[in-house]
Amino acid sequence: MLDDRLRLRRRGAYTAAVTTTIGVLALQGDVREHTRALEGAGARVVPVRRRAELEAVDGLVLPGGESTTMDKLLRVFELRDPLCAAIADGLPVYGSCAGMILLADRITGGIEGQQTLGGMDVTVQRNAFGRQVDSFEADLPMQGFEGGPMRAVFIRAPWITEAGPGVEVLARIPERSTAGEGLGEAAGKIVAARSGRLLATAFHPEVTGDWRVHAQFVREVNATRRS
């Protein structure tokens with residue numbers, strides 16, 4: 001862990017204060033990986049399963065997993081309405097993969113009755129790459145991120161088909177994967193975006209060891225706490 005923090009410092013990514021408390025929605029998905037990345041970026045990290053835990057955090061991560069399962073569990077744990085209210089009230093939130101779907105105002109390809117939390121003026125296509133392409137990796141230039149292209153892991157990932165005027169596009173799918181495979185109609189699709197205090201990626205930076213996205217999110221949460 002110390003080596004990870006030193007590496008981030010050398011790359012100029014580590015600026016977070018340890019007093020920042022960021023929650024990770026811990027109902028389903030890759031909670032452990034996000035926790036490790038956020039701790040590497042200097043944040044205090046807590047799991048969020050209850051309303052009281054949500055109310056105690058400065059920012060929140062919605063992890064990758066299964067968006068339909070998360071939607072159901074949010075209702076079971078009576079977190080859906082408090083989360084919608086917190087997002088509307090300006091809570092900084094980062095969503096990866098399924099988390100991107102949850103942050104979208106609109107989705108296509110969802111199951112009957114599936115709902116999102118909303119907050120980001122985008123339309124997201126669920127399982128956009130189809131079941132034939134379960135996962136792949138690509139090197140993405142990320143707008144506003146130093147250190148060169150970011151290795152992105154896509155696992156049955158969504159993409160953004162439409163983005164409103166207030167949404168900043170941060171990354172798009174390149175022409176080819178790192179394995180040299182052509183990505184066809186996926187090339188050029190939006191896979192990372194920011195809107196106000198909301199950040200979303202279709203890929204999983206928490207699994208690569210490149211924690212620049214998490215470090216940036218922690219910095220943004222810090223800025224929100226100071227404002």
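Cβ coordinates come from backbone N, Cα and C, glycine included.
Listed in sequence order, the residues of the same chain lying 6 or more apart from G65 (L-glutamine binding site) and placing their CB within less than 8 Å of its CB are Q28, G29, D30, C97, A98. Taken from TrEMBL, the feature L-glutamine binding site covers G65, E66, S67, R126, I155, R156.
Residues or ranges marked as active site, nucleophile in TrEMBL: C97. Around C97 (active site, nucleophile), taking its Cβ as the centre, 28 other Cβ atoms fall within 10 Å, counting all chains.
H204 (active site, charge relay system) carries neither a helix nor a strand DSSP state and counts as coil. Sequence annotations record features per position, and here TrEMBL assigns active site, charge relay system to H204 (among others).
Other C-beta atoms found within 10 angstroms of the C-beta of E206 (active site, charge relay system) number 28, with every protein chain shown included. Sequence annotations record features per position, and here TrEMBL assigns active site, charge relay system to E206 (among others).
The maximal spread of the L-glutamine binding site, taken as the longest Cα to Cα distance among G65, E66, S67, R126, I155, R156, is 13 Å. Between the alpha carbons (Cα) of H204 (active site, charge relay system) and I155 (L-glutamine binding site) lies a span of roughly 8 Å. There are 17 other CB atoms within 10 A of the CB of R156 (L-glutamine binding site), with all protein chains counted. Sitting within 8 Å of the Cβ centre of G65, E66, S67, R126, I155, R156, and not among those site residues for L-glutamine, are the Cβ atoms of G64, C97, A98, I101, N127, A157, P158.
Counting only residues at least six positions away in the same chain, the Cβ atoms of Q28, G29, A98 sit under 8 Å from the Cβ of E66 (L-glutamine binding site).
Each residue contributes its Cα atom, and for R156 (L-glutamine binding site) and E206 (active site, charge relay system) those atoms are 16 Å apart.
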